[in-house]
Amino acid sequence: MLLHLGGSRGKMGILLFRRVGLFSRSAHLSPQSLEYRPIKKVMVANRGEIAIRVFRACTELGIRTVAIYSEQDTGQMHRQKADEAYLIGRGLSPVGAYLHIPDIIKVAKENNVDAIHPGYGFLSERADFAQACAEAGVRFIGPSPEVVRKMGDKVEARALAIQAGVPVVPGTGAPISSLQEAHEFAKTHDFPIIFKAAYGGGGRGMRVVRNYEELEENYQRAYSEALAAFGNGALFVEKFIEKPRHIEVQILGDKYGNVIHLYERDCSIQRRHQKVVEIAPAAQLDSHLRDRLTSDAVNLAKQVGYENAGTVEFLVDKLGKHYFIEVNSRLQVEHTVTEEITDVDLVHAQLRVCEGRSLPELGLEQDKIHINGCAIQCRVTTEDPSRGFQPDTGRIEVFRSGEGMGIRLDSASAFPGAIISPHYDSLLVKVIASGKDLPSAATKMHRALTEFRVRGVKTNIPFLQNVLSNSQFLYATVDTQFIDENQELFNLKPTQNRAQKLLHYLGHIMVNGPMTPIPVKAKSSSVDPVVLSVSLGEPPTGFREVLLKEGPEGFARAIRQHQGLLLMDTTFRDAHQSLLATRVRTHDLKKIAPFVSHNFNNLFSLENWGGATFDVAMRFLWECPWKRLQELRALIPNVPFQMLLRGANAVGYTNYPDNAVFKFCEVAKENGMDIFRVFDSLNYIPNMLLGMEAAGAAGGVVEAAISYTGDVSDPMRQKYSLEYYLKLANELVKAGTHILAIKDMAGLLKPEASRLLIGALRDRFPDIPIHVHTHDTAGAGVAAMLACAQAGADIVDVAVDSMAGMTSQPSMGAIVACTRGTKLDTGVSLDRVFDYSEYWEVARGLYAPFDCTATMKSGNADVYENEIPGGQYTNLHFQAHSMGLGNKFKEVKKAYAEANKLLGDLIKVTPSSKIVGDLAQFMVQNSLSRADVEERADELSFPLSVVEFLQGHIGIPHGGFPEPFRSKVLKSLPRIEGRPGASLPPMDFEALESGLRSAYGDEITPEDVMSAAMYPKVFQEFKEFTSNFGPVDCLNTRLFLDGPKIAEEFQVELERGKTLHIKALALGDLNKSGQREVFFELNGQLRSVLVKDTAAMKEMHFHPKALKDVRGQVGAPMPGKVVEVKVKPGQKVEKGQPLCVLSAMKMETVVNSPISGIISKVHVNADSSLEGDDLILEITE
């Protein structure tokens, strides 16, 4: 008969033996005194990967296999790998089912099982289980019941070790029966001490205590864990050895008294006393110490008559002294590394020994056991290292393993669709790597782990990769404090998981509709614009080269000396803000960018950033605005970029500390911004000066912009007279602006007013370039801009034809055509304008739900009366329709004019225009006239924006605040005097960055810090979105807004050279959790994601979630069951005080109070089952 015990490396591959002993043995019994009884059917009283490991060994030996499974394990792989599988423990808890001895024995007897393999954990070290097997006539694949009892009782095992002359750690002579005994032990031996479960291992029921204050809590937790894991909460206490190595020796004995060792394993890399990485043999272990360890292990095993496989565990202190700690009378999780270095199949050996074979018959004699190379085992678990290794549960959406030469995988339910339950151990797969030495084995392991793709649950793979790269691990020795003392191991490289996140996003759209708010019901066009080709090579030089060579002053001189009219193209920002609600995505801007760079190099600039674009990019498009700037800069290196800076408000709607505005401009300049158009919504000079100083200090071109309102050609309107604008311009030029701009945001500049204003400015400031911006709401934009040019303006703003007109800027094509052949000739090719316009005409169809033409069919000259800015005109139109006031838009516009008068006739541009708009809608909704508002000002609840304006939050308007209206509204509310942001303390950017890194990891950039500084909540929501849904900016716009149609095939380019091929397959039915399964084909493989149906979930009851931004809401740090609630409503708690205890995967976690306060509500009770972030309780500070 042949027994194959491994490959040729150990030269023990094929060994010949007979059924009866033909060999001489140095044994206690002769082989003839025991009958050889072959095993025909084996049950594994366990689950998961160890059950499958035993089944495979049985199959190789021609033995039939039987699995058992709990009600919760019906979908687990181990029951499918067996020849037969039977349900046990009906009605019992998930763990209780595998601990129910009567059920297990009953199944074994009913199905003619010859032997039971206990695996590890559960009943593997229970003497009563081994005895029950013997009494039922079923063989127990392990030591005898008496040996299991002796070794399982940690106290008796210590006594036996002492008898055998093996050194032990000081400890109690028997399990303690009270907390008082632990107190007495601590008094005698001093701290630290350690509680250990008397009837089990694996780190369960093990707690280190360093002082009396921790004693009671850890005693209770250790007892509870031991009881849950092993059915017996008995504990004993030992002196805790600081920073030891944890070395264990594999032993193997037979029924005839033969015992051998298979050398040692180093299991020092642990957390919570659970092994994470195991190595065989132990690195840099003194040979004399190795001999002492193996000799003591064998002697102890022989003294107790040890049979079958087991492990003797030792601690080795810094002086090289070793101490016995326990015997695990079973197969260990890490037995694999021993098999790899000795070529001995330990499970084969267990089965043959149980049949009655002797070790010599199996060719297993000490002088034939040799170490060959090195092996490492990594336990890949569903735990999150960044959250203290909290277990994660859920459904595995993607599973792809690492394989290849030198890699072995022992796994169970590691496959797409597998459910990771909170009821059992978090082990997902054991990865074993073999090599000639530790560094080579570590290299193979690192490569294999890099190949893994596990999606749907968190894993510890990034942490394991850091361990494998650690120099101490590779080239020195490690102890049990290795993880605690190397916090850099927790600097985890985040997994990208881009493909699966995109599927989640697309699935969400397919189930719930668009994630960005849609103002009108209109579908995106199914036609993508044709990308215009450009010649290879660098684009022609433009004005940016002048700026880079000569600086802002030289640039301004070159602009002023230029012959002909210069154009700034607003298509990349203000045009789509005005027409398409700022929803145009970087995806579509990037497509046309090379064409613009190659064909419009003689533009003065492109306005492509800042203003409302900044926050909307994160808020609705789920894009990083800085990334947009960076990518466009790379594609258009030759044309200057221009942005809108709201003076002291930067790109926000509130006041910021001065240093925040300076820092913002600095970072913007570093990322490619050139020209800063600085304005203030009230033309409040102190606010403008701060923005100008910030832009200038950053090295940018300062373009101070005067916001225009009124009509300088109307002698009856004198508040905003020609003299007012000239005086403003004088202050701005004196302050050092490089360029002077007129910002006509409502399109109020008529041709005659243009001639008067620009002519006067040109006469007053002959050397300063003049730049004019307007909107074409009334239809007179082209005429006004031509009048400005003729009066001396150097630059006017235009938008490409298909994105021009109405509330946008005047037509580029019209200005180019009208000036061609004149002294104002723009030098822009009209044919190229037509090509450019064609692209945007088709692209505009992609944004149909946001297009102003959905509700507005033309411009309107009534803008001269209501003075509504272009972008706001579009938004108000959308808002009026969404609020059911579409038929009252005329009233809204009239109310806007009345609200403006109420507030003192303001300059209207963000944010002042919003204040007027809010008051107008408030008046229409409440049917209030101007007289009503003035009369009832002291009793009405005005919009917050109106109140804050009157307090002085955005500055002081020209002519002061309207009285007595202001006093009646504010009553006793405080008022701000002077520049609003002047009194704000500087922003602490270091603290902000530190907080962001704590929340989001070390990938935080200076740009992220600025985004968080400008819009803290928006940035937080953006990061949460990208964490869940990934890089949606790589989707085309129709897919981004509407998602794919069933059976639609499409491609998504993640980056150059990485393209996903996706097909939407089907949408599943609603499940009991309120989810639908959405099926895709990704790169030829079936993928699915579970998506919550938000409409359906409104009708279903679910446990509330803790809100992350509410300090007093305490959420579950992990999925699990509530073991104990330690507080009740009305109770006062201190920060750090225990609130409740959770149990998951047989480990208990204490949830502590994050703040001090009063418990206002408790949402759970003992035995409540929770998902991650489920609300546990609420605390009022």
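Quick reminder: no glycine exception, Cβ is built from N, Cα and C everywhere.
Annotations in TrEMBL come from automatic prediction, not curation.
Under the heading ATP binding site, TrEMBL lists Lys154, Glu238, His273. Within 10 Å of the C-beta of Glu238 (ATP binding site) we count 21 further C-beta atoms, all protein chains included.
The number of other CB atoms found within 10 A of the CB of His775 (Mn(2+) binding site), across every protein chain shown, is 31. According to TrEMBL, the feature Mn(2+) binding site maps to Asp574, Lys743, His773, His775.
Residues or ranges marked as domain 'Biotin carboxylation' by TrEMBL: 38-488. Here the domain 'Biotin carboxylation' (38-488) has a mean pLDDT of 93 out of 100.
Look at TrEMBL and you will find 158-355 tagged as domain 'ATP-grasp'.
According to TrEMBL, the domain 'Pyruvate carboxyltransferase' annotation covers 565-834.
The domain 'Lipoyl-binding' annotation in TrEMBL covers 1111-1180.
The annotation N6-carboxylysine is assigned in TrEMBL to Lys743.
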Cα distance, His775 (Mn(2+) binding site) to Glu238 (ATP binding site), nearest Å? 81
Binding-site residues Asp574, His773, His775 vs His273 (ATP binding site), shortest C-alpha separation belongs to Asp574
Can you give me the residues near the recorded Mn(2+) site, meaning same chain, not Asp574, Lys743, His773, His775 themselves, Cβ no more than 8 Å from the center of the site's Cβ atoms? Thr570, Asp744, Met745, Thr774, Asp797, Gln809, Gly870
Summed over the domain 'Lipoyl-binding' (1111-1180), the DSSP helix, strand and coil counts are 0 helix, 39 strand, 31 coil
Most Cβ neighbours within 10 Å: which of the binding-site residues Lys154, His773 is it? His773
Surrounding the recorded ATP site, with Cβ no more than 8 Å from the Cβ centroid of Lys154, Glu238, His273 and those residues left out, we find Gly171, Ile194, Phe195, Lys196, Ala197, Met206, Phe236, Ile325, Glu326
Can you give me the same-chain residues 6 or more apart in sequence from Lys743 (Mn(2+) binding site) with a CB-CB distance under 8 Å? Arg677, Phe679, Ala705, Ile706, Ser707, Tyr708, His773, Val909
CB contacts under 8 angstroms to Asp574 (Mn(2+) binding site), restricted to the same chain and 6+ apart in sequence, sorted by sequence, are Glu607, Gly611, Leu644, His773, Asp797, Ala799, Ser808, Gln809, Gly871
Using C-alpha atoms only, work out the spacing between His775 (Mn(2+) binding site) and Lys154 (ATP binding site) and round it to an integer in Å. 85
Around the Cβ of His273 (ATP binding site), how many other Cβ atoms lie within 10 Å? Please give the count over every shown protein chain. 17
